[in-house]
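Features of the protein shown, as given by TrEMBL:
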- 33-52: transmembrane segment (TRANSMEM)
- 73-94: transmembrane segment (TRANSMEM)
- 106-124: transmembrane segment (TRANSMEM)
- 136-154: transmembrane segment (TRANSMEM)
- 166-185: transmembrane segment (TRANSMEM)
- 352-370: transmembrane segment (TRANSMEM)
- 376-397: transmembrane segment (TRANSMEM)
- 418-440: transmembrane segment (TRANSMEM)
- 446-472: transmembrane segment (TRANSMEM)
- 577-601: transmembrane segment (TRANSMEM)
- 965-990: region 'Disordered' (REGION)
- 970-985: compositional bias 'Acidic residues' (COMPBIAS)
- 1042-1066: region 'Disordered' (REGION)
- 1051-1066: compositional bias 'Polar residues' (COMPBIAS)
- 1078-1101: transmembrane segment (TRANSMEM)
- 1163-1193: transmembrane segment (TRANSMEM)
Amino acid sequence: MALSFCGNDNGINAYTVKEGVLNNGCFVDALNLVPHVFLLFITFPILFIGWGSQSSKVQIHHNTWLHFPGHNLRWILTFSLLFVHVCEFAEGIVSNKMMETNHLHLFMPAFMGFVAATTSVVYYHNIETSNFPKLLLVLFIYWVLAFITKSIKLWKFAEYHVGPQHLRFCITALLVLLYGLLMAVEINVIRVRKYVFFANPQKVKPPEDLQDLGVRFLQPFVNLLSKATYWWMNPLIMGAHKRPIELKKIGKLPIAMRALTNYLRLKDAYEDQRTAEDPDRAPSIWRSMYRAFGRPILLSSTFRYLADLLGFAGPLCISGIVKYLKTDDEVATPDKIKETYFGVYFMSSTELLQNTSVLAVLLFLALILQRTFLQASYYVTIETGINLRGALLAMIYNKILRLSTSNMSMGEMTLGQINNLVAIETNQLMWFLFLCPNLWAMPVQIVMGVILLYYLLGWSALVGASVIVLLAPVQYLIATKLADTQKSSLEHSTDRLKKTSEILKGIKLLKLYAWENIFCDSVEDTRGKELTSLKTFAFYTSMSIFMNAAIPIAAVLATFVMHHFLNKSGPSPSEAFAALALFHILVTPLFLLSTVVRFAVKALVSVQKLGEFLQSDEIEDDSWRNGDMTVSFEAGKKHPGMTKAINRKQPMRYQMDNYEQPTRRQMRPTETEDVAVKVSNGFFTWGNNLSTLSDINIRIPTGQLTMIVGQVGCGKSSLLLAMLGEMQTIDGRVHWSKLPDCEMAYEGNISWSETEECDEDFRSKNRYSVAYATQKSWLLNATVEENITFGSPFNKQRYKAMIDACSLQPDIDLLPFGDQTEIGERGINLSGGQRQRICVARALYQNTNIVFLDDPFSALDIHLSDHLMQEGILKLLQDDKRTVVLVTHKLQYLTHADWIIAMKDGSVLREGTLKDIQNHDVELYDHWKTLMNRHDHELEKDIQQDSQTTLERKTLRRAFYSRETKNQIDDEDEEEEEEEEDDDNMSTTTNRRSKIPWRVCWCYLSSGGFFMVFLMVSSKLLKHSVIVAIDYWLALWTSSKTSQSTGGGTAPTNETSTVYGGNSTQPTPATMEDEDSYYLPVFIILCAAGITLCLITSLTVEFLGLSAATNLHHNLLNKIIHAPIRFFDITPLGQILNRFSADTNIIDQHIPPTLESLTRSTLLCLSAIGVISIITPAFLIALVPLAVAFYFIQKYFRVASKDLQDLDDSTQLPLLCHFSETAEGLTTIRAFRHEARFKQRMLELTDTNNTAYLFLSAANRWLEVRTDYLGAVIVLTAAGASIWSSLYNLPRGGLVGLGLTYALTVTNYLNWVVRNLADLEVQMAAVKKVNSFLGTESENYEGSMGASQVPENWPQEGEIKIQDLCVRYDPMLKPVLKHVNAYIEPGQKVGICGRTGSGKSSLSLAFFNMVDIFEGKIVIDGIDICKLPLQTLRSRLSIILQDPVLFSGSIRFNLDPERTCTDDRLWEALEIAQLKNMVKALPGGLDAVVTEGGENFSVGQRQLFCLARAFVRKSSILIMDEATASIDMATENILQKVVMTAFADRTVVTIAHHVSSILEAEQVLVFSSGILVESDSGPNLLAQEESLFSVLVRTHK
C-alpha cells in the first residue's frame, strides 16, 4: 500500500496504541485534522447561501464597510498562519522523503490547515460585509478546537524531549501561539459587539463617508488584502477602457483627507506653538508639520524598513539555491535516521533551508511581501503629502485673505511670489514628504548591503562598495548642476515666450510691414541661447543616466579583480551572483540619495519662504471700526455646529438676502442716524509711516449720493480704502453706523455654520458688506452672470436692469454663449471698458446699503457714462435709498451730487453741497466751471464720433465671427475621422484609446534625424548585449571553478566542456592560475566596453531629443509666422502660445529622459527573459500566460493613467487661477465681506485636484503591485525551471545564478516599462499638437515676378486701379467684397466709409494681398499686385492700423526695426507726428525703452508713434485704417493737418470710422455689405439727400 496515512515502514506497526492513544504520533496528527474538517463542513453551505442572498444589501458602499473590532490584526494573524502552514507543509514533505514509505500524516494536516485558514478569512470577510455577527460563532469554535488539538501535540512533543532544535517543534509552538491570538481576537469581538451571550447587542452605523455615495476613494475603508493590492480600483481602471474617467467618476474625498480637516490639524499644531510668554515668536513650520502629519510618516518608514530588509532575501536565496543545487542528490545518508521519535523523522531547523525548492518558494514569498510593503510605504507617504499640500494651500489662502494691502502695493509681496508659493513651494514640500522615508531608510539599506557583501566576498567586496559610495557625491554634484541649468534655460524660455507672444499679438502689423523675418530671427536668437543651456542640461542628464548604469559595472569589475588578486582565485557562483544582485540593490538608494538630498535642501528653502509669508503683515482687525469686537476669522472653528455645517449636502448656502424689496422699504423709518460713515481726524498710511491721508474729517450721509473729486493722485481712492479699513491708521477712527437690529436679518452676511450661529455672526461683522467697484477692473474666471451676481441670489428683473444700466446687452449678444460665456484670464479677453462696466454692474447688483464706486467712468466714453449715471447710479440707487460714494473726474455730474468732498494732496479741501461750495469758495467753483465748459465742448465734438465702445464690440465680433467658422470646420474634420475609423462606436473608443501613437513617435524620431536614430538604436542594442556578455562571462568563470573542484574540467581551450563539465584528470593548481589569467582580461575588456557604451547611449538619446526639439520648434515658428492672417483670426492666441510654452517645454525636457528610461527598461526586461529562456528553456512554457497577463495590465493602466493625468492637469489650473485671482481682487473681496465664500471655493478646488492626484498615485500603485507580483512569479518559475532542469543535469550552477539574478532585475523594471509607456503617450500628445500646426498652409510668398524685375522706386506715382475685385477670407467662406471697380488718381485723398461689417477694412487688406483675391485685380502703377512677391509688395506700401501696436525694445526699434534709416529721418518723422519734444525729454531719446505693448505711453501717443512709423517708410501710398478711433480730438486734428501737408503729394486712403473725418475728401467710396454703392467727392455726395453717405453723416451727428 503505497499511500497509507500512517505509512507502513518495515518492523513498525504504525497503528498500535499499546502506550496509550495519545502517544501514537499518527493519531495526534489525525486529531489535528478534526477542527479543519469541521470548519470546512460548516462554512461551505453558509458561504453559498450567503453569496446567493447578497443582493439584498442596503444601498451604501456596504461591501467595503469593516466594522468588527480587531479587523486588521485578524488579517495579519491569518496571513502569518497561512505562512506557518506552508512551512509546516514543506517540512512534512521533506521529512517524508527521508522515510521508506509515504507518511501522509506528516503533511496532510498542514495542507488541510492551509485550506481551512483560507476559508476562515473568506468566510469572515463575507460575514463582515453582510453584517451578520452571529455567524462568527463558528470561527470562535474553530479557533478553540484548533488551539486545543495543537496544544496536545506540543505537549506530547515536550514529553518525548523533542525540543526547539527540531523544526517541527518550533512550527507547532508558533501555531499554538497564533491560534491563541486569533481566539483572543474573536473573544474581543464578542466583548465589544455583544452579539451573543448578551441581552442587548450593540448597534453600529457606517461612517459618514460610506453613507455618502459621492465618496469613491475607498482605500481607507476596504479590507487589508484589497488595501495591499488596490483591488477596489479594478472597476475604475477596467471601466476607463469603455468610457473616459470624468470628475464625477472619482467623486469626493473622504472627510479625513479633505483640505479643511487637514488645515485645522496643521493650524492647531501651528498655533499651539505660540506661547503666552513669547507671543511674537514665529512658530516653526517643521514642528507643526511633524505634529500634524508625523504618525503616518513613521508608519510609512516602518513599511519601508521592512521592505528593505526583505529585499536582501533575494540575493541570499539565490546564493542558497546555486549552492545546494548539486548537493540535493546525496540525501538520506544512514546517519540521519537517528533523529526519529514516534517512528518518524524529525529534521533540524537549518536542514530545511538547504532544500532548493523550499528556498525558491521562500524567495517568491519574500519578494511578494517586500513589494507589498514597499508600495504600502509609497502610498502612505503620498497620501500624507497630498494631505499636507491641502493643509498648506488652505493656510496660505487664509493668509492671503488677511494680507495688508500695503504689502501688495508696496511690492513686498508680489503676485508672482504668491503664485510661486502656491505652485512651487507647496509642491516642493509635498515631494519632500514623498521622498522623506528614503532619508532614513537608505543609510540602513546601504550599511546592510555592505555587511552582506563583506560576508559573501570578504575584503574585496568593500572595494566595490567604496566605488559606489565614492561616486555618490559626483551624482549629487551632477544633480545640483542640473537644477542650475534648468533655471537658466527657464529664464531664456520665459524671454522667448515673451517675444513670441508679442509677435503673435502684433502679427497683422508685422505682415503688413513685411517685418516677419526680422522678428522671427530675434526669437530664433533667444531660442539659440535656450538651446545652449538645454545642451548643458542634456549633457548633465546623460551623465547622470550614465553614472547610474555604469556604477554597478564598475563596482563588479573592481570587486572581482580585487578578489582575484587577494584570493588568487575567482569566487564561487553562489557568492558571485549574490554579490551581483546586491550591487544592483545598492545602486538604487545611492542614485536616489542625491535626489533626496537635493529635495531636502529645496524643502528647507520652501519652508523658510513659507514662514516669512505667514509672518508678514496682516490687515488691522476690524475691532476699531466700532466697539472692540474682533471679527472671528473662523466663526465656526470651536463651534460644534461647524463640522455639521460642512458635511451637509449643500455645504454653505449662506443666509443671504432673503430679500423682498417691500419689507426693506418698511424698515426704513426706524433708521436713527443719517450718517453712514464718519471719519474723525484720521491720519492714514500705506505702511511707510508717511501719512498718505492726513487730517481727514468727513461724513457720508445715508441714502445720498456723495461725490469725491480732485486731481489725479490726490488720494481719492485711498480715502475709500481707508474707510474700508485697508489702510493702516496712524490716528483717528472710522465709524460705521449700525443697522437697526431688525434690518440685520436681511443684510446677507456669510456665516461658516448653520443658522444657530447667526446672531453671534452679525454682532461680530460690525460693518456690513459694501459693494465696491475698483478703478482697475477685477474679474473672476467665471461666466458673465456669475461675475455680476457675485454670490448673491439671482433675481431676473434686477439683473436685467443692471445690464441695461451698464449698456452691457450689446456686448453680451456678441459673446458666443451670451452671459454664460467664461471671461477672465482663462476665458474670453474683454476690453478695458467692457471689464469696467461688468465691475460696476456687479457693485450695483449687490443688495448692500452702501456702494463705493471708484472712478467707474474712466474707461467709458461719453454716451455710456451718461447712460450709466442716469439709469444706473441715480435711478437704481436712489430708488433703493442706498448710500453711494462716487469718485470721479467728470465734473459735469457734480450737479447730481447731494454731498461733495473735494480733495487736494491727501487732505480734504472742501466738504458740502454744491450750493455751499458756490457760496463759500467761489474760486474753486469758478475753476470747476471752466473745466466743465471744456467738458461740454468735448461733449459736442464727441457726439459726432461714434464711441470707442463700438470699436471694442467690433473687435470682439470679429474675433468670434472668425472663431465660429473655424469651429465648424474643425467639427467636420473630426467627424470625418471618426467615420473612417469604424462604425461601431463603442469599439472605436476603446481601440483608439488603447492604441500607442506609433505615427507620432515616428514623426518625433524622424525630426531628430535618421543618423541619430540609427546611432541610438544600434548603441542601445550593443550596450545591452555587452552587459549580458559580462554577466555570462562571469557565470562561465565562476562555474569553471566548481566544475573542476567536483572533478571535471578540461584545458581552457575547449570552452563548452568547461561549462558542462567533461571528465578529465584532476587539474593542478597551475592550471587554475592559467584559467584565471584567461578569464580575467576578457572580463576587464568587456566591462570597459560596457561602461563606454553606457556613456555613448546616454548621450545619443539626449542629443537625439535635443535635435528633435530644435527642428520641431524651428519648423513650428516658421510655419506659424508665415501663416495667412486668416489662421490667426480663427486660432485662439492662447492655443498658439501653448504650443510654444507647455508643448515645447515637454518636447525639450520631458520626452528624452522618458524615452531613455523606456528603452532601457524594455531592453533590460527582454534581455533578462531571453537569458532565462536560453538557460532553462522550460521557462518559455510559463512565459505565455505571464505575457498575456502583462499585456492586459498595461493596456488597462495606460488608458486610465492618461485620463487621470488629464484630470490632474485640468483641475490644477483653476486652483492656481483662483489663488492669483484672489490676490488681485483682495480689496474687493474684503469690501464685499465675501472671504468665507472664497475660502469655501478654494477648499472645493483643492479637494478636486487632490482627488485626481490621489487616484493617479493609487493607479500607479495598482500597476506596480501587479507588475511586481508578475515579476515575483517570473522569479519563481525561473527558479523552479532551473531546479527541475538540474535533475537532468542541464545547467551549471553559475548559469542558474545568472538566470535568477536577471529574473530579480525584471521585477524592478517591469512597472517602469508600463509607467514610461503611459508617460510617453501623454507626452507624445505635445508632439501631435505641434504637428497639427505644422500642417498649416503658408502664404504664397513667391510672386510670379522675381523681386529683381520690380522697379527700384515702384510705386512712384501712387495710381490705383481696382478692377472687378472679389475678395474672401477663406475658400470656405462667402466673399466680403463683390465686384468692386474704382480708380484712384495719383496723390488723391480718398475716404472709404460704410456701416460696420460692410467690407471697408477688407479692402485695406486686399491692397496688401492679405486676403484671398479670387477674381479681378488691383493694379498699382501698372503692376498687378498679385504677381509681386509679398515681401516686395508689403515693404513698399504703408498702413496705419486702428489699434496701435508697439513692441518692447527701443523707440528706434519700433520706428525702424530694419535699421535702414538715419537718425535725422527718424526725428523728422517724430516731429511730423508731434512727438519730438516728448521723446527728447525721455532718458535716452531715440533709444528710450518701450515696455511690452507700449504700456508706458498713452493710447493716443501710441497711435502717433504708429503714424511716425508710416512716415519713416517713404511710400507714395498711405492707407489709414480707422486710425483715429482711439485718439482725443486735439490729436486727431493734428493728424488731419499732417496728412494734408506732409502727404500732399502722396495717395492717402482713409478708412473712416467717424464719417466726419472724410467730409472734405476728394473721393469717397461708400460700401454696403461688400458692394461699392457710391463713389464721388465728399461735398457732392452730401448734396444728395438720399445718398447713403449723407444718411451715415446724419446718423452720426
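Just so you know, glycine gets a Cβ as well, placed from its N, Cα and C.
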Contact call for the transmembrane segment (577-601) and the transmembrane segment (418-440): at least 3 Cβ pairs under 8 Å, seq gap 6+: yes
Cβ contacts the transmembrane segment (106-124)/the transmembrane segment (446-472), at least three under 8 Å, sequence gap 6 or more: no
Spatial neighbours of the transmembrane segment (446-472) far in sequence, C-beta under 8 Å, 6+ residues away: 308-309, 312, 315-316, 319, 547, 551-552, 554-556, 558-560, 562-563, 566-567, 571, 575, 578-579, 582-583, 585-587, 589-590, 593-594
Top partner of the transmembrane segment (136-154) among 33-52, 166-185, 418-440 - counted as Cβ pairs under 8 Å: 166-185
Contacting positions for the transmembrane segment (1078-1101) when only residues 6+ beyond its ends and CB under 8 Å are counted: 539, 541-543, 545-546, 549-550, 553-554, 556-557, 560-561, 564, 570, 1012, 1015-1016, 1019-1020, 1022-1023, 1026-1027, 1029-1030, 1033-1034, 1036-1037, 1040, 1052, 1152, 1155-1156, 1159
